[in-house]
Amino acid sequence: VQRDLDVAVTEFTELKQQLERDTLVLSILRKLQEFDTAIKEYKTAMLEKKYVIAAHQLEKARSSLKTLESRKGFELKILKALGTELTVQTQNLLYHLGEEWQKLVVWKLPPSKASSSLESVLASELHLHTVLSEEQIAGPPVSSVLQAFAVLGELHTRLRTFGQLLLKHILKPLISYSSLWPSVEEQSDVVILRFKSEEPNLDNTSPVEVFEKIKQSLEFLHKYLLDVPLECKDDNKECKVVLSELLGDMIWEELSDCLIQNCLVNSIPTNSSKLEQYIEVINSTEEFEKALKNMQFLKGDTTNLLKYARNVNSHFANKKCQDVIVAARKLMTSEIHNTVKISPDSSVALPRLPDPGAGDHLKMEQTSKRLHKEMVILENESKLSQHTFSLPTCRISSSVEELMDLAYQTLSEATASSDQCCIQLFYSVRNMFQLFYDVVPTYHKENLQKLPQLAAIHHNNCMYIAHHLLTLGHQFRYRLSSILCDGTATFVDMVPGFRRLGMECFLAQMRVQKGEILERLSSARNFSNMDDEDNYCAANKAIRQVLHQLKRLGKVWQDVLPVNVYCKAMGTLLNTALTEIVTRITALEDISAEDADRLYSLCKTVVEEGPQVFTPFPEEDKNKKYQEEVPVYVQKWMTFKELMLILQANLQEIVDRWADGKGPLAAEFSPVEVKNLIRALFQNTERRAAALAKIK
């Protein structure tokens, strides 16, 4: 019995293993049969152009093949052939679907080499053969083609390609060209979306119009192509596919960026008075997004487009500030030599500022009455001139006058803006002046170094700006945002910098001119041995060159510099020449009678022609006053005239002019210098010794 039992158990085990093997083989054969059936039904469906059924059969075949490939221990050679067959049939279906898609959706575009001009854009058309006539009812509808793409997982790829073409050839041109409008033409078997051109507005296209054009185009697509219910499997769950939503996800980000950059940015007002009108744009943006959500192009909350439109105050401030800086920089890089004349009577036309509050007005009135009563007795008969604190008459660059106008206009704009905008505009004006400080000396560096007139104009420009900066903040202080009313609304801190900038530039030019004067006088051979004709000619030439240089400078700076600055500058340069001549002559050890006569002749030329370099005005009669006041501006003028007297005087006359150190000669020369001149001019005699003894 035990032996029979062991045999039975063995037989049972073998039979069980055989059953399991046969069951596995049977399941594999069943899956192979399912694969074969799916492929046969796929081919039948393809013949009848039932693409959705064909796609589902391919998915069944793919599922069967995956199950077969997952069976370990049964690596059948046939599986590779089945995989190849499945791939071939999938590609065949995709090819036919692609052919059908191209028949349903036809793009008629200009040649790729054609320019992106308005004419080439007008040639673009989109033909949709999605509305089938009775004769074509047998053909596959658009829903079956799209459903088949969805089943095969190719719908996203097709829609992405379609979306890019839609953006490039339809939507973006509608945004870029204000004259373009979409036009829909319905025919028996086709619906055509093309462009029509209308008279463009001179201004930028209004966002309201652009939104309307985009909405019309998307409504056309929604009606004739995208309003198709589709189903797909996602993780083995049935799910609805909304074509509009799919396409919206693919193109909305790029479309909204284009709308912002090419439409909304240009629509931001440049004047605060137009900000209230912008509510129309915000409303139209809201309506545009609402329409897109109704068509299911958009989902979720507010998008970047609407956020941008609602944030108009910030964008207005940013745009205004950017425009101010760009305009200012353009003025700074324009030519300096285009000038306008300003005088104490001329001033920047101040914008009309709102009246101060009634409380302030009452307080000011009471204060002024009390002060008036107290000051009646203290009032002095002599009063300051109305021009005491005015900028003197001079010439400045017209670009700098425009720059100052821009500053006043911007600050006036700030007074009527929101707090945030007001602060941004105020600091934009400060940045504008800081930009001038940094840009102008660098951009015009070469010309400012080479051309004396430009250096003088730049000096005036800086002084003009500094003059206005003194009171600019005070004029607007109580009109700006309350945040700026605590003393921060000021430009006074920039005044020393601008004054220094103007002075440094002009002083650098003065050093250049001084260098040229000294270089020319260095060719005068130290004014020694004037009895030698060559030496005399060299000295005479040097004097003539210096006088010519000064006269030329006098003409260049004429009617440009303020009169007091002009006279000081010319006086300083003439003084440099006189000081050099006096130093060279007093250093001579021997001056003959002929040398003295010739030196006197040279000095006489300087005294006669020197005052003529003072020509601050084009009118000669106005210049006489300043030519007569040469000693006021030329420190060494009297010293030079005393030197001329010494060159022609005898010993007694020199002693008389010294007058024991109290005469006019003693006021200009030291005892050592006078003694050196006497030793050089006169021979060593008792009379000379007596004269030298009196000089102490």
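Quick reminder: no glycine exception, Cβ is built from N, Cα and C everywhere.
Packing against the domain 'Centromere/kinetochore protein zw10 N-terminal' (1-39) from elsewhere in the chain are residues 57-58, 60-61, 64-65, 67-68, 71, 74, 76, 78, 82, 85-86, 89: each is 6 or more residues past its ends and has a CB under 8 Å from a CB in it. Residues or ranges marked as domain 'Centromere/kinetochore protein zw10 N-terminal' by TrEMBL: 1-39.
The feature domain 'Centromere/kinetochore protein zw10 middle' is assigned by TrEMBL to 97-332.
What TrEMBL records for 389-519 is domain 'Centromere/kinetochore protein zw10 C-terminal'.
Taken from TrEMBL, the feature domain 'ZW10 C-terminal helical' applies to 541-695.
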Stretch-averaged pLDDT - the domain 'Centromere/kinetochore protein zw10 C-terminal' (389-519): 89
The domain 'Centromere/kinetochore protein zw10 C-terminal' (389-519) - residue tally per DSSP class, helix then strand then coil: 107 helix, 4 strand, 20 coil
